[in-house]
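Residues or ranges marked as transmembrane segment in Swiss-Prot: 19-39, 56-76, 90-110, 113-133, 144-164, 171-191, 222-242, 254-274, 288-308, 317-337, 376-396.
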Amino acid sequence: MSSADTPINWKQNLTVTWLGCFLTGAAFSLVMPFLPLYVEQLGVTGHSALNMWSGLVFSITFLFSAIASPFWGGLADRKGRKIMLLRSALGMSVVMMLMGMAQNIWQFLLLRALLGLLGGFIPNANALIATQIPRHKSGWALGTLSTGAVSGALLGPLAGGFLADHWGLRTVFFMTAAVLFICFLFTLFLIRENFVPIAKKEMLSAREVFSSLQNPKLVLSLFVTSLIIQVATGSIAPILTLYVRDLAGNVSNIAFISGMIASVPGIAALMSAPRLGRLGDRIGPEKILIVALIISVLLLIPMSFVQTPLQLGILRFLLGAADGALLPAVQTLLVYNSTSQISGRIFSYNQSFRDIGNVTGPLIGASVSANYGFRAVFLVTAGVVLFNAIYSTLSLRRPAAEASQPDRHSVN
């Protein structure tokens, strides 16, 4: 039996990719709590300049990731997903190490851009698992996989702040590089993929990829949904701490309260994502997606009228439980409506839309709050999500029957 015919243990691959997504999510969020402090340490002074450069070094990673993702997705479809996971983990490890050696803000900005160019571990992990799991378990598996990055993102800021306080800012970058290198080793030795490389001349062009889809308009609507999910999340991020401070009044532990309220949606998503993914496998991910979007709207509106941090925290916990279903449902529908031959590009296109949302969301939130106040941000975000719920309902209505009955290509 050839290596290409050897059965794949998809459960082992799911476990290892979950761990890889956890380490990647932790690595990225390790440096987030002190990013403005590191910018200041590199010589940027003055309130306006510090805000500008902090925003630039944060956003440029997502911007370059959006640009590079389709290229890496095409390469994954041609060369295999495992090699893309290895490239991403090792590349990000080297870049993180170099960040710890940066001597000025321009070097750091360039390295943040390079980090975006070399990233892509999580979308390639999704593509790998999507091509290996039994189709009737797609929702559960992708929901479970999504909790890896969420778990890492929750733990990262806590660990990063502790490490920075005790060993300094630069040391955290070196530790982050080590974490990513461990991710590389796990991927190298524990992930298995049977992939036959495809000649470049046999690869479909981007136009041919979309022409090959049974429902290209549906797939495009799923990309838009991913963008809006990130816009909705990112629009609240810049004003959350300030909004909590307004609600809490003069208290000494505002940072702790804000951190808790920022974290509770992720905790709720950890609990809900696998369960709602399994439910989606039974009743259809399109139903889960629409209901979760509507619930999100109904929870965002009262956030504009809360009077205490506790009220806001409860609503954000419930919002996180609903949000835990959104991206796994989108990813499952992408699996149902594409083939394994193009899954790398489909997931990379989706990642590009997410990255665009990550860039534009904070800009929208900051602009709305500057002109209309903190409370208006939640109403505007609710309006954006409501539009998405209506748009998704119309897009999913006609092809819902096909989307919930995946049988377009075989899996191991």
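Placed from the backbone N, Cα and C atoms, the Cβ positions cover glycine too.
From a predicted model like this one, the values you see are computed outputs, not experimental measurements.
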Contact set, same chain, for the transmembrane segment (144-164): CB under 8 Å, 6 or more residues outside the stretch: 14, 17-34, 37, 122, 125-126, 129, 171-172, 175, 259, 263, 266-267, 269-270, 273-274, 277, 324, 327-328, 331
Which one of these stretches, 19-39, 56-76, 90-110, 113-133, 376-396, has the most C-beta pairs shorter than 8 Å to the transmembrane segment (317-337)? 113-133
Which bits of the chain, at least 6 residues beyond where the transmembrane segment (113-133) starts or stops, bring a Cβ under 8 A of a Cβ in it? 8, 10, 13-14, 17, 20-21, 24-25, 60-69, 72-73, 76, 81-82, 84-85, 87-89, 91-92, 95-96, 99, 141-142, 145, 149, 183, 191, 193, 331, 334-335, 340, 343-344, 346-348, 350-351, 355, 411-412
Counting only residues at least 6 beyond its ends, the same-chain positions whose CB falls under 8 A of a CB in the transmembrane segment (376-396) are 217-218, 221, 224-225, 228-229, 231-232, 235-236, 239, 286, 289-290, 293-294, 296-297, 300-301, 303-304, 333, 364-365, 368-369, 403
Report, as numbers and ranges, which residues of the same chain sit near the transmembrane segment (19-39): CB under 8 Å and 6 or more residues beyond its ends. 50, 53-54, 57-58, 85, 89, 92, 96, 99, 105, 108, 121-122, 125, 145-146, 148-157, 159-161, 163-164, 169, 172-173, 175-176, 179-180, 182-183, 186-187
Long-range neighbours of the transmembrane segment (90-110), counting only residues six or more past its ends (CB under 8 A): 24, 27, 31, 38-39, 42-44, 53, 56-57, 60, 118-119, 121, 170-174, 176-178, 180-181, 183-184
